[in-house]
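For reference, the structure discussed in these notes is given below.
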Amino acid sequence: MVDLQEKQCTIVKRNGMFVPFDRNRIFQALEAAFRDTRRIDDHMPLPEDLESSIRSITHQVVKEVVQKITDGQVVTVERIQDMVESQLYVNGLQDVARDYIVYRDDRKAHRKKSWQSLSVVRRCGTVVHFNPMKISAALEKAFRATDKTEGMTPSSVREEINALTQNIVAEIEECCPQQDRRIDIEKIQDIVEQQLMVVGHYAVAKNYILYREARARVRDNREEDGSTEKTIAEEAVEVLSKDGSTYTMTHSQLLAHLARACSRFPETTDAALLTDMAFANFYSGIKESEVVLACIMAARANIEKEPDYAFVAAELLLDVVYKEALGKSKYAEDLEQAHRDHFKRYIAEGDTYRLNAELKHLFDLDALADAMDLSRDLQFSYMGIQNLYDRYFNHHEGCRLETPQIFWMRVAMGLALNEQDKTSWAITFYNLLSTFRYTPATPTLFNSGMRHSQLSSCYLSTVQDNLVNIYKVIADNAMLSKWAGGIGNDWTAIRATGALIKGTNGRSQGVIPFIKVTNDTAVAVNQGGKRKGAVCVYLEVWHLDYEDFLELRKNTGDERRRAHDVNIASWIPDLFFKRLQQKGTWTLFSPDDVPGLHDAYGEEFERLYEEYERKVDTGEIRLFKKVEAEDLWRKMLSMLFETGHPWMTFKDPSNIRSAQDHKGVVRCSNLCTEILLNCSETETAVCNLGSINLVQHIVGDGLDEEKLSETISIAVRMLDNVIDINFYPTKEAKEANFAHRAIGLGVMGFQDALYKLDISYASQEAVEFADYSSELISYYAIQASCLLAKERGTYSSYKGSKWDRGLLPIDTIQLLANYRGEANLQMDTSSRKDWEPIRSLVKEHGMRHCQLMAIAPTATISNIIGVTQSIEPTYKHLFVKSNLSGEFTIPNVYLIEKLKKLGIWDADMLDDLKYFDGSLLEIERIPDHLKHIFLTAFEIEPEWIIECASRRQKWIDMGQSLNLYLAQPDGKKLSNMYLTAWKKGLKTTYYLRSSSATTVEKSFVDINKRGIQPRWMKNKSASAGIIVERAKKAPVCSLEEGCEACQ
């Protein structure tokens, strides 16, 4: 019988994940070892004495494992195998132990045997690295010649070539002894011939043989003439240019081009390698654009080995951008003058290109042109430039019109339109943006300086219980979504299924069918042609349709009652958690039977809710349902884990701590759960977002407070300008934004900042940094708003607000504590700075904005400037990134920098990272202190992430898009995690992510080397060379690659 202590133990698998410890696995491994050594067939029973020995050794190993875990040690699979080995010797079973050791040594030896260590002896005697791409290229040429292919090679042929190449590489590895990893080029070509015939490509094999004979004759003739064989630098292809003409490109010309792109990184990048890789994909008549793409793809493919290739790829793409926009290479001697001329021409002809017609009249274009610094292009990595190219640069008839610096200046000009000294402020804004200190949200980047300057990120609306308003809000969603806004809808007021419709004397079908219409509208109206609309639907947990609402995202059931494209979120009052703690019942109502309940919060909500429950008991309310709070909670957690929805958001802290409690109620959040503003039938709440890049403010071992203060002051001014410049798709949005002037200043690169400071996310130091950085941002953001109020006046609904009553965000924690009680609120309230000067400023000048701070996900803008998203921990240290231009692997540059300093960044380390899915825990060469600093999201206990969020929450006046991570969630862990989030004072949470969401691409990991074949198989299996596909993604954020509505 397994005791409780053993059941609670977890070990670390080879994929880096913690899993429950299972003694049966040890027993089974030992049984297989004994059968193999003693040659006992599987169908034969084990002798009693051997079975007894196996059980005894299993017990001894289990005891040692449990003791080590109890002592706080991390136990890996490899460590358990060491224990098994030791126990076999202790028990006198040397023969089994010996075979066990030999097997393990074989597996280690396989790790060193890889095509990456192979060398090729060329005909001239020189030795070069083996490059499988050369085989692919030769095969492609043979297939193209046989099939008389024109243009691009068909994908079916490429797949066939990939399979052949893999088989050929495996055969080559078998031919090369471990001691001398060299092979003759002729031998390689022989293997190619054989493999072509093995799979039945006789025509291709014939052409390949004839080609080899022809090349041999050419070489013989050269030798007779006394000439030497051409070097690879003399290879050439015919290239088809855009105008239809052709020209010859030689290997050496391409090498010169790539050498310029690599010139900034002579020690870490290899232009010759890129040239070989690119040339291997060329064919006669290749298009110019395909040549460029092949070069970029070659650099991109090497990013996982050397992060500097990301900047090489960026440089190559920049050259494309400059040629497209300016008609000149970025290496042109007169580039700066050409850039200035193009900028002035672009703005002057702006009417043609959808620019704001006023730009050319209101700004000194010469001064702006001179202010742009092209050297700042060098800050971009490949992903940043690719994102800008694919999504953000203005274009006309398929041609990009902007370079990175023109893009930043266009955004800056748009944000300076209402300034007195427009040119001076545009330059100030440009300098902040182009140095990556602050980045506005995606709608602002899309539309600032454009004809339709819809710059706002988030809209929140509430739906009234009548058809006219229902369809008005749906129509408003369409208009808001058209201009790239992300939307949060509150649907709690809609009467439930079965409620009486007095006008027709019929019965309502409830809220679900209307959410279905909302879903289909979001899909139908895309955001400026860039992606489908994005909506989150909120419902309070006492609504009678709430249980059906929970199942909206399920893949089974009646499709008429499913909404697969909208996001859904629960709006949860504190009373529900109190009932949950008391193991009490929870009553579901139809909103038309409980007037005022949705608008109430805190003690007033509890009073009304209990009054309506009494009416149920007396029979005054007939349409209701009583459920156990625990059962409903279990269903909420189950759906959250199964579908990723509904997100958990908390009604009472969102309202009790709201600065605008005098002007209404917060009824829901936005698309990404960070915005908390009042909305009503006459007001659609609006928020404008932007994020500070924390990395740019790290100096030495801390934050540069003066620089951060300056950044915040300018950023708040830009966000304030958005409100006045903005194009408003609806009247309700315009009136709300002008009345309350909400802005959402957030952060990104939190994890990068921790790396720079050598701090682990799973540490008290990280908690303190989250606290201190948030306090500074809150301090200087409030100061900036006060100074703007002095300059421009307070927002119109300022009187009566918490600001006006002398309450800052830190002060409102006590209000929440007064309602909840100390047991249900565990928030730190300490501070480092003297807040009296800020209190005096607020009292003297008031506030320019009703709300100031919110932390958005920043999924796309963080990619542009090359930092980690928002406040997110590192997901993996090696992960596959997808964008409109395809997939590529991205490594953690901070980790690689550390590993390089230790001298342990090499091909084996990269292979280990891939094998262990981007985790470090089981890579023995990496020191423990680095493993602690570089824990990934699923290796960090949720308590650390929640505590960091709680420290931020005490300073910010709205919310934060907070993803939570569990490697292997179960009901108890999930429940504890969300209850902890509630008790720590969080206002909202976002996605729950599980470790099955994604794995690192293993296409280039030899799975036979890793022992994925049956445990005790002595010979290589037929399936050993197959490619491991990435696991199917579990439900996670569909907006992962670019929540363009909120960042």
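In case you wondered, yes, glycine gets a Cβ from its N, Cα and C as well.
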From G414, G486, G498, G821, grab the residue that Swiss-Prot records in the same substrate site as T442, S457, C458, N670, L671, C672, T673, E674, P857, T858, A859, T860, I861.
G486
How far is it from D465 (site 'Allosteric effector binding') to R495 (site 'Allosteric effector binding'), counting Cα to Cα, in Å?
7
Quick one: of the recorded positions C458, N670, C672, E674, C687, which has its CA closest to the CA of R495 (site 'Allosteric effector binding')?
N670
Mean of the pLDDT scores, which run from 0 to 100, over the domain 'ATP-cone 3' (237-327):
92
For the recorded positions C458, D465, R495, N670, E674, the one whose C-beta sees the most other C-beta atoms within 10 angstroms:
N670
Counting distance between Cα atoms, which of the active-site residues N670, C672, E674 is nearest C458 (disulfide bond)?
N670
Same chain, 6+ residues apart, C-beta under 8 Å of the C-beta of C687 (disulfide bond), given in sequence order:
S456, S457, C458, L460, N670, I675, L677, A742, I743, G744, Q851, A854, M958
Residue counts (helix, strand, coil, in that order) that DSSP gives for the domain 'ATP-cone 3' (237-327):
52 helix, 11 strand, 28 coil
For C458 (disulfide bond), just give me the three-state DSSP call.
strand
